[in-house]
Amino acid sequence: MSMANIEKVKEWQETMYDIDSGIQSAAPTVREGDGEYTTKHYTMTTTVTSGADPDMETYALTRKQRVQAALFPETLEEGATILSTQTDPSQMTNVQRLAEPSQMLKMAIIHLINYQDDAELATRAVPELTKLLNDEDQTVVCKAAQIVNQLTRKEAARRALMQSPQMVAAVVRAMQNTSDMETAKATASILHNLSHQREGLLSIFKSGGIPALVRMLSSPMESVLFYAITTLHNLLLHQEGAKMAVRLADGLQRMVPLLKKSNPKFLAITTDCLQLLSYGNQESKLIILANGGPEALVHIMRNNNYEKLLWTTSRVLKVLSVCPSNKPAIVEAGGMQALGMHLSGSSQRLQQNCMWTLRNLSDAATKQEGMDGLLQILVGLLSSDDVNMLTCATGILSNLTCNNAHNKSLVTQNNGVEALIHAILRAGEKADVTEPAVCALRHLTSRHQQAEVAQNAVRRHYGIPAIVKLLNQPYYWPVIKAVVGLIRNLALCPENQAPLRDAGAPPRLTNLLLKAHQDAQKHGSSNQQTYQDGVRMEEIVEGCTGALHILARDPVNRAEIANLQTIPLFVQLLYSPVDNVKRVAAGALCELALDKPSAEIIDSEGASAPLMELLHSNNEGIATYAAAVLFRISEDKNSDYKKRVSVELTHSLFKHDPAAWEMAHNSVPMDGPYPDELDAGFTGYGVYGGDNPMDGMDGNMMQEDFPSSMNYDRQMYSDPY
Amino acid sequence: MNREEAPGKSPEDMYIQQKVRVLLMLKKMGSNLTPNEEAFLRNYAGVVHSQMSQLPQHNIDQGAEDVVMAFSRSETEDRRQ
């Protein structure tokens, strides 16, 4: 008990009991007469005599003292003792029995008195102080504010203040109207103190405190800024309706510029406010963007070490990173590199937030420069056992290697292939990891200088069996699609052809192709698209055919693919409305046609007609493949057929060389030799001269040296010019 | 007689020119040629030479383009600490 309270008590007891001081503490617990045991602890009564023998008069006098000692042991003078009347150690005296509960009661009363004092004081003073806060004289207002600020430091007074709407309103009004620094500081401090209780928050909210506090965010005084932002933070955290009110008061527009301050703790609160305001609120995110939020936040990430600040800032960036407008701005401001600075530290929560944010941003960062460091760290993180970390690392790498030759080469050179394979092996069936990991490998194995290195690395690190196994059931189509594309790239490397065959790629791809094609056909018209797990079956058809096309470059694989009865399907795919499908189907047939038996099958399946059409394709790849297949299947054909093909071929090939066509057209007569034999698409221009050099084709068409290609005997063409 | 550079090419020459082009493009795209097709190209080496510079510079058949994965579809809240 404090000295002041002791004094108070002393005063009280002297008026109540008329007892002088010097009393002892109470007696220990003893079993009472009726057999009940009390469980309370009691201090031991020392019954020490003052030296003289007790007598009855003394006994009567000290009763009061004994009561006093029991109730107010702290007032006992040092060394003073009171005689106890306990005669039987097993029996407590009445005073002893009452000691403990009396003690407790006394403490309660004392506390109440203090509280009562503060509360009473506050209650009596509140109307007065309110009046003073509303005074016209600014000096009066200032003084009143300072007094109220003092009062808010004590709990009882604080309660009284927050229960007065007039008082809180007066404080708010004084704060926003004053031009005096001290008044501003005192009133802001009052609201800050009130904001630690729910009732206080509500009173501030109801009194229009939020717009006033937002206005104080423009104050030049650091202390006012601190009080204002902290109070707003408490409101945003705990007061319903505060977020809306802050937004309506243009709070975001005032807060974002504060990000330029240097105090890390202040910044931590400010960024947390921004996170609270912008989470799930698109408009808020756009306001932050419009006020230079991304640049300021990235700057904080780059230039601070205070973990809590980095964490709160990363949370704001994470919220903004799902906004399509903020994403490019964050990336342009160097957000990827800045977030990448915090992936190796000890704070797991910071690391995790940075990773999720990077993943969200990654599809907007494919053209960013200066990402080498980040890419290297990400390759390192692929060895993590944390599935969240793996999910993010593979996803980010997949996007950053997308259409970026520099990044592809860098990742390849930093053992990215090996790391990705191991990640795939560890991930098992977790598609969130395998899909992006396979996509990343697919990116690494094509369209950059180190593509061949990557293709070989997959084989060297025993990746081929694991990758082909991903084609097994149960089918998760996004993974299938990625794997099929990767296999196609791997097959570009001749050394991979045998391992791919050994792993069973050709039959698996053929089965998938059949299934996807059937599913796509089931839905009737070609305009309808069949989606499974978000993947169109037409994409699977294209992917599988493309992979089989490249696998067919290997003679052994070519024979196996032909034996899987794929030719009829490839011929059917020549009729696909999708150019990419036409191209890969024609490409596959082009390879298969290298083998005579397959060339015959291709021809017997009626491939000539669609191939003739494809000669006119605007797609050079399609036209080239179609021409090559026609060359190869027409080796044993009769001359009429060959003529027709040659005419079509020459006509269509001139399409890509208009100058040569023009020259050819002008240099020969217009009469076409076989108008009735010509294809409907043919315009009828005769390419060959009036001497009808085509007559010379019979039997002499194919020179000995070129059995599988169409060729003209040079002698056929007597030059008419 | 080498007539490739002369104006007003004959149909035969134009045909050879175009066939050489097809075969060269096949090679450029990584496809195999038959021995006869390879011999054809050797035979018309001059045409090959002139056609090489006229082939498209871009890669014609590189397979499907890389496509980004869109991760930022939804917002998830993390625990406030």
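Placed from the backbone N, Cα and C atoms, the Cβ positions cover glycine too.
TrEMBL labels come from automatic prediction, so no person has curated them.
Worth saying up front: this structure is predicted, and the values here are computed from it rather than measured.
If you check TrEMBL, you get these features:
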{"type": "REPEAT", "residues": "A:124-164", "note": "repeat 'ARM'"}
{"type": "REPEAT", "residues": "A:166-209", "note": "repeat 'ARM'"}
{"type": "REPEAT", "residues": "A:208-250", "note": "repeat 'ARM'"}
{"type": "REPEAT", "residues": "A:250-292", "note": "repeat 'ARM'"}
{"type": "REPEAT", "residues": "A:292-335", "note": "repeat 'ARM'"}
{"type": "REPEAT", "residues": "A:373-415", "note": "repeat 'ARM'"}
{"type": "REPEAT", "residues": "A:415-457", "note": "repeat 'ARM'"}
{"type": "REPEAT", "residues": "A:462-505", "note": "repeat 'ARM'"}
{"type": "REPEAT", "residues": "A:565-607", "note": "repeat 'ARM'"}
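Within its own chain, the repeat 'ARM' (A:462-505) is flanked in space by residues 417, 421, 424-425, 431, 434-435, 438-439, 441-442, 445-446, 451-452, 455-456, 512, 532-535, 539-540, 543-544, 546-547, 549-551, 553-554, 556-557, 560, which lie at least six positions past its ends and keep a Cβ under 8 Å from the stretch.
Within the chain, the repeat 'ARM' (A:415-457) has long-range Cβ neighbours (under 8 A, six or more residues past its boundaries) at 375, 379-380, 382-383, 385, 387, 390-391, 393-395, 397-398, 401-403, 405-406, 408-409, 463, 466-467, 470, 476, 478-479, 482-483, 485-486, 489-490, 492-493, 495-496.
Through the fold, the repeat 'ARM' (A:565-607) approaches residues 510, 513-514, 517, 526, 538, 541-542, 545-546, 548-549, 552-553, 558-559, 614, 617, 619, 621-622, 625-626, 628-629, 632-633, 635, 708 of its own chain, all at least 6 residues removed from its boundaries and within a Cβ separation under 8 Å. Sequence-distant neighbours of the repeat 'ARM' (A:166-209) (same chain, 6+ residues past either end, Cβ-Cβ under 8 Å): 126-127, 129-130, 133-134, 138, 141-142, 145-146, 148-149, 152-153, 158-159, 215-216, 219, 221, 223-224, 227-228, 230-231, 234-235, 238-239, 241-242, 245. For the repeat 'ARM' (A:462-505), the number of residues in each DSSP class (helix H, G, I; strand E, B; coil) is 32 helix, 0 strand, 12 coil.
Residue counts of the repeat 'ARM' (A:415-457) by helix, strand and coil are 33 helix, 0 strand, 10 coil (DSSP-based).
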